[in-house]
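J.: This is the feature table in TrEMBL:
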{"type": "DOMAIN", "residues": "5-87", "note": "domain 'PTS EIIB type-1'"}
{"type": "ACT_SITE", "residues": "Cys27", "note": "active site, phosphocysteine intermediate"}
{"type": "DOMAIN", "residues": "109-480", "note": "domain 'PTS EIIC type-1'"}
{"type": "TRANSMEM", "residues": "118-140", "note": "transmembrane segment"}
{"type": "TRANSMEM", "residues": "146-169", "note": "transmembrane segment"}
{"type": "TRANSMEM", "residues": "176-193", "note": "transmembrane segment"}
{"type": "TRANSMEM", "residues": "229-248", "note": "transmembrane segment"}
{"type": "TRANSMEM", "residues": "260-285", "note": "transmembrane segment"}
{"type": "TRANSMEM", "residues": "305-328", "note": "transmembrane segment"}
{"type": "TRANSMEM", "residues": "340-363", "note": "transmembrane segment"}
{"type": "TRANSMEM", "residues": "375-393", "note": "transmembrane segment"}
{"type": "TRANSMEM", "residues": "400-418", "note": "transmembrane segment"}
{"type": "TRANSMEM", "residues": "451-468", "note": "transmembrane segment"}
Amino acid sequence: MSKHTQLAENIIKLVGGQKNIKSLRHCITRLRFELYDELNADTDAINSLDGVITVVKASGQYQVVIGNEVADVYEEINNQLKSNKVVEHEDYEDSTKGNKVNILDKFINFISSLFQPFLGALAAAGMIKGLVAIFGSFGLNVDNSGLVAILNIAGDGFFQFLPIMLAVTAARSLKLNVFSALAIASALLYPTIDSLASGNSAFILFENTIFQSDVYQTFLGLPIILPPGGYYATIIPIIIAIWFGAKIEKIAKKTIPKSVQTFFVPFAVLLIAIPISILIIGPAASWSSDLVGALFKYLYELNTILFGVLIGGLWQLLVMFGLHWGLIPIAILQVVEQGYSPIFGASDVAWAGVMGVLLAVFFKAKDTQTKEITLPATLSSFFGITEPGVYGTLLPQKHLFIIALIASGIGGGYSGYFDVVPYRMGGLGIFSLASYIPDSGEITMNVWHRLISYILTFIIAFIITLVYEQRRELKAEKNIRPVEDGTRTSGNG
């Protein structure tokens, strides 16, 4: 029996057994359970399991933090659940129905359900795009290198067809037939759809506003409006389109006889959802994105330092409660529509703050157990996976967590002051550095300031931790006084 098999078996048992598991997902480091009754879970026992870092109850989920081996444990749990005829996943609406989950938690859970399944592939594609940028710095590009051309396709293809990925995950969450969802996404990405917005414009809507739109053709009198770049690499339109399609499908199943539902339900969905998506949902979502982008641009331009301090300093706290999922779609939207993201630019220093604290703890630790915990957590943080360090070392000693937040806030403020932004989605941790290289491949000051912000954040966290821990040791020594029999005791005792 492997260690993953035993751990999976123990976790299933201690969360209340298979009958208490409503659904299960996983992210980079956590098993995310939806339980029928969290009171049936033995949290203390789970925390004591070898292989479990900690348990977090947040966003209506019972989250078991595993670390780097989460995928193996998740697979083993699924194998055991399947063998007992337990459903692997439930739909999003079912998983939150009956639970006391507020609107914010529902939103966070929904966003998580959309992005988490392909987060690894998203980061991988971004890393490949980063490689393309690195090659560009040596004069190699898609025009003179077949290697770079293929790598560019490998990295950029995922982002171009991001609506396809979102269609699949949104359909699963919102209970729409996956192939109907793919048909909707394919229609929005139809190669010649841009012909609907070409030639001479017939008239202009909302002229001289942030919503200004050129209209070239109409559909039954309704203006046909497309985003400037079409729906490639967009996020909001497809999510709303799938939500609308799910509503149509639900109504169609209630009204169309079962004998002909196989064909006529998807027919009704596509006939209604696709035109509405192009005529109303797409433009409305695009205008909403314009508004959000304008708001963030205003806040960013108002005070970039304060913006950076808040995003950088609070990022790990947001991650801890799962609240960062409310900002990630906006940041991705900034990258795909504006070409850069101040949110990612400010938040990307958080791993360096955690790593600085962990390395200082490693050097100050006198016991082997602490060193054994902090060393792999430090290495993991270097690659952007901070949760083992946060839950294993920083949170149990809250002052360490606060130090990491302070250092990250300073690094975020530095990033905001120098307008440090990534130009694409990239890897995690140090691998994200490549995403700050522009498409020209030139190593600009943006790259150097990013590197400096990493080093600055790391050094501040490292030094503050060393000084703080040293003072704690000195204070502890002062509180120890000799007594008459030659033994030593605490001054507090």
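The first residue you see is number 1, and the count goes up from there.
In case you wondered, yes, glycine gets a Cβ from its N, Cα and C as well.
Note: TrEMBL annotation is automatic and uncurated.
In terms of burial and nearby residues, how do these features look in this structure?
T.: Within the chain, the transmembrane segment (118-140) has long-range Cβ neighbours (under 8 A, six or more residues past its boundaries) at 27-28, 147-148, 151-152, 154-159, 165, 169, 423-428, 431-435, 437-443.
Taking Cβ pairs closer than 8 Å, the transmembrane segment (340-363) reaches residues 296, 300, 304, 307-308, 310-312, 315-316, 319, 324, 327, 330-332, 334, 370-371, 374-375, 377-378, 381-382, 384, 386, 389-390, 393-394, 400, 403-408, 411-412, 414-416, 419-423, 428-429, 432, 450, 453-455, 457-463, 465-466, 469 in its own chain, all 6 or more past its ends.
A Cβ distance under 8 Å defines the sequence-distant neighbours of the transmembrane segment (400-418), meaning residues of its chain 6+ beyond its ends; these are 300, 304-317, 342, 345-350, 352-354, 356-357, 361, 390, 393-394, 445-446, 449-450, 452-454, 456-458, 460-461, 464-465, 468.
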J.: Within the domain 'PTS EIIB type-1' (5-87), count helix residues (DSSP H, G, I), strand residues (E, B) and coil residues, in that order.
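T.: Helix, strand, coil within the domain 'PTS EIIB type-1' (5-87): 35 helix, 22 strand, 26 coil.
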J.: Need one number: mean pLDDT over the domain 'PTS EIIC type-1' (109-480).
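T.: Summarising the domain 'PTS EIIC type-1' (109-480) by its mean pLDDT gives 85.
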